[in-house]
Amino acid sequence: MEIFYYLVFGGLGAVVAAIELSKNNKDRINTSPAFNSFKNNYLLVYSLMMAGDWLQGPYVYYLYSQYGFGKGEIGQLFIAGFGSSMLFGTIVGSLADKQGRKRACVTYCITYILSCITKHSPHYKVLMLGRVLGGIATSLLFSAFESWLVAEHNKRGFEQQWLSITFSKAIFLGNGLVAIVAGLFGNVLVDTLSLGPVAPFDAASCFLAIGMAIILSSWTENYGDPSESKDLLTQFRGAAVAIASDEKIALLGAIQSLFEGSMYTFVFLWTPALSPNEEEIPHGFIFATFMLASMLGSSLASRLMARSSLRVESYMQIVFTVSAASLLLPILTSFLVAPSQAKGGSISFSGCVQLLGFCAFEACVGIFWPSIMKMRSQYIPEEARSTIMNFFRIPLNIFVCIVLYNVNAFPITIMFGMCSIFLFVACILQRRLLVIAEKPKTEDWTTLERVTEAEPLNI
């Protein structure tokens, strides 16, 4: 492997270590032993859940190809996953507010374990069922756990600022360290031990089962709106009215969809961007480097959110600007650097430049997750937290399905340009959110409930 990859990885590791070791009292928040115990329990469960997710990611496409499916059929399977998350996942995820967030987290574990089991079958219909189950699980992962955390944190009377500690640590561990370890562990299972591409899915099932046992034994149940008289349709209407009537919630949903849509598109594009002429690149090592960059971002976010004088809405404008600029690099290098016509070989100079830019983007991802979590905890009403969060994922899933369907229809520079534009728009919307953040909510949830029950929603 070329020295360049080691230099980038080592440099990022050194910066992360320096940031963590240089934290002073201004960068830390004094908390109680009760909160620390609560936080550590949640972080353990969240890390196990993310380990179950990260172990699968690198091997889904590879497993399908080993079963003999072509790009078209694999693309259909991936679209089914995102479509399921949009349709069925929205309904199941929204039930968490009424039926209980703990129950929804247990449902995530069971659903994802069943999805992993389907990977043992080479039959297309069974694999399609697995993708549907996986889409439902994804919606629960990105709504139920956060909803349970925020409600339980408030129920136990912990200070609001302490939430930022849990958010930043969850991303640092679950989306950084666990992702790196999971990637290396999966590599050992598949390559070193030669257990085959199904082995990571079996390991994921084990981690999910352990996490589910901890949830069942140590978590208490909490709800959003447990009203017996409210059906799911009324709950959807209430969530839609909340988004339509409160500009802050609507802006937050738009910002999240724009950033995550760009992020998921980047996941599909970084490999062809770094190897346009079939250059040999170490995919696993580059993935680990990206996760280390994400750890760097979450470490920075923890320091930023520890300062009460600094608003999340303010610094996120800079984050979106940097992320937009970093995804412009593939376009700039295509104009400024003469393309190589030689097939194979090592990564090109333009590829090296793009890799550095992609690391900057992943650092922005690391800052984005805990920051958007904190803003959601501030602006989304508790009674419909899971429902609204799953509403936010509907345009995201539609966008990703469209990208997957047309990924070969446009040049890669056009796709990156589109993502960059989306991120600049997110920056503008974030500026608007900062301006109106101090305005009081026009209506509380109780008022919105009366509105939705008294008259139909016209959209």
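Backbone N, Cα and C atoms are what each Cβ position is placed from, and that goes for glycine too.
As written in TrEMBL, here are the features:
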TRANSMEM  6-22  transmembrane segment
TRANSMEM  43-62  transmembrane segment
TRANSMEM  74-93  transmembrane segment
TRANSMEM  128-149  transmembrane segment
TRANSMEM  170-189  transmembrane segment
TRANSMEM  201-220  transmembrane segment
TRANSMEM  285-306  transmembrane segment
TRANSMEM  318-338  transmembrane segment
TRANSMEM  344-369  transmembrane segment
TRANSMEM  390-406  transmembrane segment
TRANSMEM  412-429  transmembrane segment
Folded-back contacts onto the transmembrane segment (318-338), same chain, C-beta under 8 angstroms, at least six residues removed: 259, 262, 266, 273, 348-350, 353-354, 357-358, 360-361, 364-365, 367-368, 371, 412-413, 416-417, 419-421, 423-424, 426-427, 430
Chain residues in Cβ proximity to the transmembrane segment (390-406) (below 8 Å; excluding those fewer than six residues from its ends, i.e. six or more beyond): 75, 78-79, 82-83, 85-86, 89-90, 93-94, 139, 142-143, 239-240, 243, 252-253, 256-257, 260-261, 264-265, 268, 415
Any contact, the transmembrane segment (6-22) to the transmembrane segment (285-306), with at least 3 Cβ pairs under 8 A: yes
The transmembrane segment (170-189) and the transmembrane segment (285-306) contact flag, 3+ Cβ pairs under 8 angstroms: yes
Candidates 43-62, 285-306, 344-369, 412-429; stretch with most C-beta pairs under 8 Å toward the transmembrane segment (128-149): 43-62
